[in-house]
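Participant: For reference, the structure I am asking about is given below.
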Amino acid sequence: MVLKKADNIKCNEDIERERKKCSFDPLELTHLLDGGPEKTRERKEREYYFLSEPELRDTIPQDYLSHKEKYEEAVRKACTLFRKVTQLRDKGGDLEIFRQTLSGMLGSAILKDGNPFTLHYVMFLPTIVGQGTVEQQAEWMGKAWNCDIIGTYAQTELGHGTFIRGLETTAHYDPKTQEFILNSPTLTSYKWWPGGLGQTANFAVVVAQLHTKGVCHGIHPFIVQLRDEETHKPMPGIKIGEIGTKLGMNATNNGYLGFDNVRIPREHMLMKNAQVLEDGTYVKSPSDKLTYGTMMFVRVIILQDMAGYLSKATTIAVRYSAVRRQSELKPGEPEPQIIDYLTQQYKLFPNLAACFALRFNATWLWNMYNCVTAELEEGDLDRLPELHALSCCMKAVCTADAAQGVETCRLSCGGHGYMTCSSMPSIYGLVTAASTYEGENTVLLLQTARYLMKAWQQAVGGMTMTPTVAYLKQAVSGNNGPWSWENTTACIIRAYQQVAAGKIKMCAENMDKRIRGGICPEDAWNMTSVELAQCAEAHARAIMVDKFVESVLELNVSPALKTVLTQLSELYAVYWLLQKSGDFLMFSDVTAQDIASLQKWMEVLLSEIRPNAVGIVDGFDICDEILSSALGSYDGRVYERLFEEASKSPLNKEPVNVSFHKYLKPFLKASL
């Protein structure tokens, strides 16, 4: 298997011409995204290490396997994959190996329809670290880290997902035996959705309502053995299975789980924060927000994955658009590349820009997460609400944008994008799931809105503001405008902040009016919830545009690459302004005349990005084995590869299918 681009490879002539137009060096972009030439070398070595392994290749395309076969193949591959990961780790490899093999790039190339081990690494291990005592970490981390056990994270239930206080699974403490007794009192209390739960995991962190001394103390995490470590049969009282097929991620092995008087030792409650003593006395956590850590960690990882998935989709769509020729722009002239149509550029280039917006914002949020985590270890909780609010709204906006972006890229490939060999359907299936898992997006936006309503009251009261909501001070003081408009990123960022502040203010005022009119606060919140979700989205977009522009300004790269990245940041900012033009006309300095000027600016940016589009996606440096697309390969041989994929269909293995003689011929010969 050859993962690097061979010098003698025969490429499509159109795509070769596109590469010659490029005004910057795509390799410089690759090094920037990887973190330097050495990081690029390490990544490519890891890719070769895994993708050259025969045991990790598909012998039959996944689409032609049954649901059962897909799962069994996924387990086989996952065991091989993490055996190789462990070998690399033991040779001195870092945690980047795990991130890469669990990511939307290398990970999804090997396990195309989901990984049954993902929650073991992404939720089970981090929860033990984040919520287990030192003694509990010593007990469990070695076993989990060495894969002596495989875990999952069981929180969501059949009847409750985002409203975790409503979870019904119970854990009653028995002081006589110093055990917790877990039960699923109703059908809706069954755990439902955890990845790997169906047939893979033998342990789980289970979130249940803690009862001790006759008092319910809310949800807490417990480590529960699900299956025998030798036979893998369910433990007594454990009712477990798989939930069935889904739109995507069908090898993830999502499962259900019920409990019938399942007893676990007291020490299996994770007690870094809250505790239950031997006599049943409950010791409260110093803060109920300390349990947010794992959840926020996963949301930051999701942002990184969304950037990866969208990069794959834009690479496929841009390369295909450079090869595909269709219709006539001018009578009698050759059919143009479809990338020359402005409408195609409008579909593709804002999503190309979004790849960078998501990457840079994920990096910024990751750095903030690490800072706040360090502060938590010192007992400083001041910035935790801000981080929680940001992780909620940015997860919601980024996953929604990525799902819409992948679908737009699929549509830009016409009918060929509908074929599974394009990889667009599988990428969409993986991306759209993220709009729901780890927090349904509307609920997350409303959680951010609660923080913003408090922040508004703090701004009105003249209190000190955290950095990401400091712009509210100007809205309160009246120093928010009007200003004369200029087509600059500084003006645009200011306008985004004006829109966010205006929407936040409007929500606060509408809530206040309703409450003063005799409506209870809970009903007032529900009646204002559409506007509240919108104000949280506006806040997220203001942050994302600001951090994208700021990140590009701070880059130490060549002038040629800086120019291209600046164009992409400007396009991202202008595109979303025009998409939300009603809000900007209502709340910012933008006028109707400015909208026309911004439209022209966007069209200029599309034309400036056009010659570099293929170079930009080449800079993502996604090898063909990871891209796994007949439409998006580096050589641009779209039509040859489509025929190669068609030849793999089992229906083409024989000239006449058995159904002809069994059904079709008798039907045709019958006198109907």
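Just so you know, glycine gets a Cβ as well, placed from its N, Cα and C.
Heads up, here are the entries from TrEMBL:
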- 25-150: domain 'Acyl-coenzyme A oxidase N-terminal' (DOMAIN)
- 153-262: domain 'Acyl-CoA oxidase/dehydrogenase middle' (DOMAIN)
- T156, G195: FAD binding site (BINDING)
- 292-453: domain 'Acyl-CoA oxidase C-alpha1' (DOMAIN)
- E438: active site, proton acceptor (ACT_SITE)
- 490-669: domain 'Acyl-CoA oxidase C-terminal' (DOMAIN)
Participant: Tell me the Cα distance separating E438 (active site, proton acceptor) from G195 (FAD binding site), rounded to the nearest angstrom.
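Facilitator: Computed Cα spacing between G195 (FAD binding site) and E438 (active site, proton acceptor) is 12 Å.
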Participant: Are there residues of the same chain, six or more positions away from T156 (FAD binding site), whose CB falls under 8 angstroms from its CB, and which are they?
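Facilitator: T156 (FAD binding site) has long-range Cβ partners K191, W192, W193, P194.
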Participant: Run through the Cβ atoms and count how many others sit within 10 Å of the one on the residue listed as 'active site, proton acceptor'.
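Facilitator: Other Cβ atoms found within 10 Å: 21.
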